[in-house]
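Starting off with a structure, shown below.
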Amino acid sequence: MPFAIGQRWLSESENALGLGVITALDQRTVTIYFPAADETRIYAMAQAPLSRIVFSKGETLSHQAGWQGEILDVQNMNGLLFYLVKNPQDEDVIVQERDISPIISFSQAKDRLFSAQIDRSTHFALRYRTLCHQQAQFKSPLRGLRGTRASLIPHQLHIAAEVGNRVNPRVLLADEVGLGKTIEAGMILQNQLFAEKVQRVLIIVPETLQHQWLVEMLRRFNLHFALFDEERCNDFDLDAVNPFTTESLIICSLNWLETHPNRVELVLNAQFDCLIVDEAHHLVWSETSPSTAYLLVEQLARIIPSVLLLTATPEQLGQESHFARLRLLDPERFFDYQTFVKEQEHYQPVVNAVESLLANKALSAVEKNHISDLLLEQDVEPLFKAIASNNDEEQQRARQELIQALIDRHGTGRMLFRNTRQGVKGFPHRVYHQITLSEENDKIDWLIDFLKLHRNEKIFVICQTAATAIQLEQILREREAIRAAVFHEKMSIIERDRAAAYFADLENGAQVLLSSSIGSEGRNFQFAANLVLFDLPTNPDLLEQCIGRLDRIGQKRDVQVYVPCAKDSPQSRLARWYNEGLNAFEQTCPMGMALFSQFADELEKVRSNSTALSENEFSGLLKQTKTAREKLKIELEKGRDRLLELNSHGGEQAQALADQIADEDNSPELVNFALKLFDIIGVEQEDLGANSIVISPTGTMLVPDFPGLKEEGVTVTFDRELALAREEMEFLTWDHPMIRQGIDLVASGDIGKAAMALLVNKQLPAGTLLIELIYVVESQSPKGLQLNRFLPPTPIRLLLDNKGNNIGEQVAFETLHSKLKPLGKNITNQMVKMARSNIESLIMRGDQLVKSLAEPIIAEAKNQADQQLSAEINRLQALRAVNKNIRQSEIDILEQQRTQSLDELSKANWRLDCLRVIVTNKE
């Protein structure tokens, strides 16, 4: 059928888009706008998955103005359809097809049945189960949180859930090293992407961390980011195309943007929804002279709605630098540094009062006064009395209630999340081993002896350069046949994956992984507990990054750190400074870089020449460093904000969230569904044992391509712990693209839309006709409203007997399905032709019955949306009265969303999605 502008067409692959209208044509493509979803698609004419929508005389037509009428006649003029329709005022009016409502109900299932496109009964069962799972996953509070390839760490899940559910979140993630800020940012981002709150994301990082972020986003979150640099952008200059509009997920370096201001203009015009900046503490700011980098990020933060800044802890930053980060997030709230300082000073006594509450101490009169001043609108006297009572349960309840009220009013608690190792359980100890050698060249011999002595252990060795790692591998292989994997920045991501997998293999893998310091960025090896620093990192931050490859949450054993170096060499003195001055081998040292800068001149002498400082001078340096460290440590401890830590940690709620995901991990429901899905689609499965399988495409699949399935096959696991140890395996969860897109493949395609089966039942007359009808209630609305959380596509099952009675509640789906047998294709086609009249009558009966079942679902969705959105609006309005960090714009957006959501839910409709005709026989 020829295309014409103004014609109405339906997408066969994306039914939820509603009825589209052709807006543009050229020789090869057709452009269709879908008003209901506010989406545009461009299709190749030759293979467009589109169906022309033509209504017939006697059918009901829905006008975009909201009324319906019976079609009296249809005329075709130059490819466009004109309908003569009886409107509600009983007038005959002409309706052009462009005026038809974009929200359309259709029943392709019936068309497929009567055109002999009939599937097996097992395909129908897969479709129904898929629809049920789709509904459950849209409603799940775990959606967007459970699919990360990471251990279930409560504080990370709490931050991801808290921030991810917000509208346009703007927050500072300031956890201590090793607590997973990158994972938190990725989980927040994934949550927002799943909810379709954001679609275009820009991540700005230091140049050395670009690949780390690329790897983390891909391996942990299945997010495919593109790295942008000058070379990539140059490719688009001749075409006058803004390169930043060619990808939705982009990573680039801060230094590159600083040195190429013309690219910054392109970024500003690319309409990103979300900005993530790592190492944000390096953005230098003062009231009189902010740095170029700071001003650059400030420009972006002004126009990009969602902003996540990953930074050092506020104590490390200093108050002025901390204010500068907050100013990027909310310049209206944090407009003046001196005002901010006064607010912080005023708040410190409240923090002290919280320390008393947490320590179960009696509150002093001064502490009570400070709490009362902050909670003016709340009568706190009864809580004070309860705390002073002898009833332990009442005491604890009152203390928790006071703490929660103070958290809600925390000066920056809604914008700032900061966890410390002291506040988070699960860290092992670090044990330092100084290995003193006679000569520098003895290091290789020592390493060989060490590996032979620890043959049953996994050893992680970090060298300064890739060349050293490569040479060591050759020496170990040739001299002692020691199995070693190499890991460095010159390898591709796939090559690094293979090396990591070889090292992770407990049975036949490498004993040792030889890595350059840059090459290991973004990779963690908690299954190993022995670290050899073949070359010492050049500064404390790099040292912490190296140790942090093993010393992370999830490490089950104490981490052994070995540093081999020649006696009295520059390396040995640097090791002593790290150990005796900073204690950086056995503990994290937040003040390490500050002390490194303070003693930079002396350390330069140490590193360049072991005799540049006498032993007395060097001992003096160690004492000075230790004294300065202890002084800084006391200051940092004084500045700890326990209230902020409580808010960041999430407490019992965070643990409950982790437990919920763990329970789902252990449920067989996903495994059963996925294996059945692969089986019916025609994907080959090979069981490898140890909770993993290889899935491969075949030439007999029901679809030409299965999402995420490579030609050479993919190894997958449903086991979180195995996925953490074996990065080359895909970790399948309900959130994995392969499962989500597999569900979409079935739900939006034709698999199982019409089926027929035989029921052997001696108690029913032979030839008795039953029909199973699956309707779907849905709202065709803009993605940003996230109406799927209130009204996901919801299946309604009817099972009609030959008299039109719904017996679905009496006969469960799985019970019935287990008793059905397949019918041959020829018999199926003959039976459908013979019973067509009865089938059509039963479908019409189903259309009548479903209304009374669908309307309460829509009403409940509206009620739920109203209650949930109103509750959040009321909560934020109440908090805004006592906490300036609640943005009015956030409340305004929520109010608009509530109005629009209720309006769109009022337009929700239902459609017949699939059907199964069942014929009985005695045998």
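Cβ atoms here come from the backbone N, Cα and C positions, even for glycine.
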Scan 58-61, 278-281, 370-373 against Swiss-Prot and say which stretch is down as motif 'DEAH box'.
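Among 58-61, 278-281, 370-373, the range Swiss-Prot annotates as motif 'DEAH box' is 278-281.
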If you count other CB atoms within 10 A of each CB, which of G178, G180 wins among these binding-site residues?
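Selected residue: G180.
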Per DSSP, what is the residue count of the motif 'DEAH box' (278-281) in each of helix, strand and coil?
2 helix, 0 strand, 2 coil
Please list, in sequence order, the residues in the chain of V177 (ATP binding site) that are at least six apart in sequence and whose C-beta is under 8 Å away from its C-beta.
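Listed in sequence order: E544, G548, T588, P590.
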Would you count the other CB atoms within 10 A of the CB of E176 (ATP binding site), including those on all shown protein chains?
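That number is 19.
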Is it possible to get the count of other C-beta atoms within 10 angstroms of the C-beta of L179 (ATP binding site)?
24
